[in-house]
Each structure stands twice: as structure tokens, then as C-alpha cells.
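Quick look at what Swiss-Prot lists:
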- 67: active site, proton acceptor (ACT_SITE)
- 67-68, 72, 136-137, 147, 164, 166, 177-182, 236: NAD(+) binding site (BINDING)
């Protein structure tokens, strides 16, 4: 019997409502469910199914929210590699797979086994010890607004750039459509075995984004004394970086797993980022 986890933004009424309807739909079809314990505070009728996300044991997890909900969920179940099916309640939701109006037809397809599991590259991060891995990106930025960092970037022990900038983004192909894109980085097909190095507002005309092999080891060193920085991993975790500290990035041995009902990456680029996505968002 299939077991499906349900996680939703409990601060968004529509997401909570969809979670309730999804739970009822699955139970009526004989599917076992487990529900985020915090979500059951909004849906007390599902309390018997409540479980901490970290302890969830499921064949698949449904997230009802945006990309942030997916990133948070993935960080909490990192060691389990449970496939995630994202239902989009956010603005763009590039990591999500299903819009709210198609939720139940998508679930019918899932129950018929008409889906694939896509594996996405993760970025391992080290600062003294191993930090949580990143699905999208790691952002190194100053702790103080309007202050620049002085950083050295090395790839496979070769210095490729030294610059002053507001920060630096180390991104995966999955993250190429997120903060990296906003900072001027390219969109990269998730099948490409690469990492992106994207400066944020560099004080150097020649500084440009770099695309490097994901077999490479990237090192970023903070050079200027007295300028502390923070490393932000997928917007979920922060680590303080001090003068002459080095942050190391390499491809993780683990993967993130996503439920996919279609494989058209470029259709998603058109729909979410051009035709009906970012370019059409107002105010």
C-alpha cells in the first residue's frame, strides 16, 4: 500500500484547504497518509496522522506551497531521499510540478503509476565541518548592508578570480532559475553536470558568471579582515564566515528526488519565466 506525506504552508488558508481535500481524497482511495504535525494544528481532524517532518517515512511527499516549501522539506528529509511532488501555491514555483486546479487529476495519475522520479544534483558545503547540502544555491553575503566582501575564488586549487562584491552565489542547475538568474547567471538545463559561480554586484567590470564542471571542487575565501560574512544555504540555514575562512563546495553523493508528470523542462521555462511567470508579475 502506498504511503504519502502531506506538507503545506499552514499560514496560507488556501494551502491548508487543499491539504484537507488531498488528505480526504487519498484516504478514500485506501492510501496511507502522514501529515506534518504543525499542519494538524490547523486541521485537528487529521491529528491521528500527524508526524514531525524529520520522522516521515513515506513513498512520496506532497508539498503544498511554493519553492520555499520544497526547499524546507528537502532540507528536513535530506537523508531519506523521498520523492517530492510540489503543488504550486507560490508566485513562480519552478520546482513545483502541479498547479492547484490540476491537483486531483495529478494524484489520479500518481495512483496509476503514471509518473517518473527525477534526480537532481545537490551541492555539498563545508566550513570547518560539513554543513547541510544545497539543492538551489549557497549565497555568501556580508552581514552588514551596503558593505562589500573581498573574496578569492578557486576551482580545483587554481585561483580563477579575486574581487570585491556584495556577495557570491554558488548554484546548481536547479538553482539557475532562482537567485542566480536574478543576479545575471544563465539558465542551465538540470541535466547539465555543472555548477555556477555568480558574483553579486561585483566592483569589477570583468567579473562575470562562470559555469564549471560539477566534478570540480570550488573554494571561496574571505580575504578582508574585519568583514564577516554569512553563508545562506537554500534560504534555510545560515553559517557565519570569518576573515580568511574558506568555504568548500563539491558535488554531493546524495540526490534530491522529484515526482515528474512530464519531462518538458523548456516548456516550464517558457510558462513560468517568460509567457506567464516572472515577466507578468506586477507589484
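Using N, Cα and C of the backbone, Cβ positions are placed for all residues, glycine too.
Taking all protein chains in view, 20 other C-beta atoms sit within 10 angstroms of the C-beta of residue 181 (NAD(+) binding site). A straight line from the CA of residue 164 (NAD(+) binding site) to the CA of the residue listed as 'active site, proton acceptor' spans 30 Å. Secondary structure at residue 164 (NAD(+) binding site), as computed by DSSP, is strand.
Shown are the binding-site residues 177, 236; the one with the most C-beta atoms within 10 angstroms of its own C-beta is 177. Classification of residue 137 (NAD(+) binding site) by DSSP places it within a strand. Taking the C-alpha positions, the distance from residue 181 (NAD(+) binding site) to the residue listed as 'active site, proton acceptor' comes to 15 Å. When other Cβ atoms within 10 Å of the Cβ of residue 179 (NAD(+) binding site) are tallied across all protein chains shown, the result is 20. Within the same chain, the residues at least 6 positions away from the residue listed as 'active site, proton acceptor' whose Cβ sits under 8 Å from its Cβ are 86, 90, 92, 93, 94, 95, 96, 136, 178, listed in sequence order. Taking all protein chains in view, 17 other C-beta atoms sit within 10 angstroms of the C-beta of residue 164 (NAD(+) binding site). In the three-state DSSP scheme, residue 181 (NAD(+) binding site) falls into the helix class.
Reduced to three states, the DSSP call for residue 236 (NAD(+) binding site) is coil.
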